[in-house]
Amino acid sequence: MSKDKALLRINQLKEQLNLWSKQYYVDDNPSVDDTEYDLALKELISLETLYPELITSDSPSQKVGGMVSEKFLKITHKTPMLSLGNVFSFDEFLDFNTQISKISNTLDNQYVAELKIDGLSISLVYENGSLVSAATRGNGVVGEDVTINARTIKSIPLKISKKERVEVRGEIYLSKAEFEKINQKRLLNNEDLFINPRNAAAGTLRQLDSKIVASRNLDAFLYYYISDDSNNLTQYQSILKLNELGFKTNKETMLCKNLDEIKAYIDKYTNLKNDLDYQIDGIVFKINDKNLQNSLGFTSKIPKWAIAYKFPAEIKQTKLLDIFATVGRTGKITYNAKLEPVFLMGAKISAATLNNAEYIKTKDLRINSIVKIKKAGDVIPEVIEAIKDEDFYKLEKFKPALYCPNCHSLLEKNENEVDQFCINSSCSMKILRSLQHFSSREAMNIVSLGDRSLEILFNLKIIQNISDIYKLEEYKDQILAIDNFGLKSYLNLIDSINMSKNNSLEKVLFGLGIRHIGSKTAKILARKYQNIDNLMSASYDELIQINSIGESLALSIIDWFKIEDNLKLIDELKSFNINFNYLGAKINSDSIIANKSFVITGTLTRPREEFKTLIENNAGKVIGSISKQTDYLLAGNNVGSKLEKAKKLGVKIIDEQQFFDLLKSEKG
């Protein structure tokens with residue numbers, strides 16, 4: 001593949017992986033299974049290996065994972081909460097063990113085997129025997145402060161006997177039984193149902209009301225111990241130490257002394273995983289010997305002494321009862337499968353996504369055929385293929401829909417696109433989905449206006465367009481008359497709506513639903529133009545000069561602001577005092593480091609994210625690897641091979657003080 005084609009594909013993969021990552025870690029609403037994510041990440045890494053000069057610091061290959069919400073205070077982890085490498089078969093685990101043996105000089109390495117709980121990672125810090133902080137993983141460097149909520153979890157002790165500073169890490173989760181109870185209650189209250197236990201656990205831990213957290217019976221398994229004596233203990237002894245201090249650990253954890261025991265452990269829980277009362281998505285194997293752990297060390301992303309074995313996707317056969325279409329906020333038509341119910345990964349499955357008509361044609365899926373479905377992780381199941389037996393060919397071939405399933409307008413399909421679209425601006429389902437998008441967490445974050453509540457208000461004609469959201473106080477009596485919608489719910493709704501008025505420009509820009517503008521592009525445009533009026537005045541030629549803004553996106557922006565109804569909406573939102581200014585740091589385009597590229601290496605006195613932010617706020621960019629095109633290597637202590645490579649290529653090397661001096665100097 002040529003470098004230009006590789007760059008194009010890398011950018012596509014980065015955007016897709018970052019979106020999937022955000023959906024999983026921030027929105028708690030994954031849209032793809034782990035297998036699809038891992039394959040895309042693998043493709044990205046292979047392309048970046050081929051062209052290392054194309055690696056950037058925002059690449060998913062360089063990230064620990066997750067992102068930090070804006071709802072809680074932030075806590076910087078003293079030791080970064082890293083991700084884990086993955087293997088997908090026992091053979092791949094053997095390859096991992098072979099790499100370990102190059103340091104340990106034996107293939108019989110001892111591992112601690114832990115079930116990989118599908119929950120939310122947590123870091124607990126104790127000082128003088130008291131719990132002083134609890135933080136989520138966040139982006140691995142900075143997490144969310146959830147101390148008040150963590151205190152309500154019965155399996156997290158508020159006091160321990162050890163007086164020295166202790167950090168304990170583990171996983172917050174919700175049992176399957178508690179998950180069912182919560183969803184039953186939400187169903188009775190006309191609230192949106194949680195997708196899965198992980199989604200429910202994450203949503204609960206991020207509640208602002210700790211009483212709600214306490215009522216949902218979150219649980220925790222702890223597995224990682226950091227203190228003054230932790231280096232003197234093996235990994236398994238650390239688990240025993242946690243038990244001794246009163247922490248709940250997983251009783252299924254086992255010290256495996258050889259490869260046979262590891263294989264037996266994998267086989268056992270591959271078969272038993274659905275019988276547990278909590279969800280797991282794999283097994284984590286950690287080297288037991290701490291000295292060997294220290295010798296193996298870390299990459300910037302993962303420990304070299306631990307690996308996650310991921311269970312293969314579960315596949316079952318069932319009958320495809322029907323294929324039906326739905327319409328989204330942009331008018332895009334999505335096809336779905338109605339299935340004969342079947343149990344898969346402990347859940348009853350009766351539907352699956354089929355994406356678009358081209359997907360169905362390619363797989364030649366037919367109504368009443370027997371199909372294979374798979375489910376890896378906790379997302380919507382996927383139809384893999386039809387069983388093409390003798391009966392299959394007697395069935396009628398699939399025919400794409402001609403009309404919108406909601407408003408019955410004729411569908412359109414561009415020659416170069418696989419998707420069909422409803423272009424009727426009055427389509428009620430498009431309008432409802434647009435409203436739900438506007439109020440979503442990633443957009444305006446109107447937390448008390450969930451999809452179900454919005455649908456009820458939409459059907460009652462109380463909300464028919466975006467500006468109606470900000471008129472709800474006029475409908476107080478009508479809203480209070482709705483079943484299960486009391487005064488407290490109403491007041492929370494009004495508070496959420498009023499809070500949304502103070503969002504930064506990128507939030508409302510994303511919420512408006514301009515085609516091709518995702519959350520990342522909205523942030524780029526907001527930082528560039530600072531307010532909505534400047535963006536409205538931008539020309540096509542000006543827009544396409546912005547990095548990552550292509551022709552179709554530039555045209556989409558220009559066309560959107562030409563529509564009279566859209567301009568009227570902006571004016572109405574301004575009349576409700578919606579903020580249309582960018583509230584983030586302003587980019588200093590006149591900085592001496594504008595358009596300069598930096599690679600950061602070694603241990604610094606401040607978090608790397610802080611240096612990255614400083615560079616980006618001064619119009620510079622941070623990349624992942626050294627090349628001839630790199631302008632500066634910012635080097636801390638304990639630097640690795642990047643320093644030698646920079647010297648060899650003649651890249652300017654600076655330390656922290658020189659970096660700050662550079663920022664203070666004027667452009668010549």
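Placement of Cβ uses the backbone N, Cα and C atoms for every residue, glycine included.
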Residue among E171, E178, E180, E244 sharing the NAD(+) site, where Swiss-Prot lists D34, T35, E36, Y37, D38, S83, L84, E114, R137, K286, K310 as binders: E171
Rounded inter-Cα distance in Å - C404 (Zn(2+) binding site), D38 (NAD(+) binding site): 34
Fewest-neighbour residue among binding-site residues, criterion Cβ within 10 Å, set L84, C404, C407: C407
Candidate recorded positions K116, C407, C422, C427, pick with smallest Cα gap to K286 (NAD(+) binding site): K116
By Cα-Cα distance, the member of recorded positions D34, K116, R137 nearest C427 (Zn(2+) binding site): D34
DSSP three-state assignment (helix, strand or coil) for C404 (Zn(2+) binding site): coil
Site of maximum Cβ density within 10 Å, from binding-site residues D34, E36, D38: D34
Summary of DSSP states over the domain 'BRCT' (588-668), given as helix, strand and coil counts: 28 helix, 17 strand, 36 coil
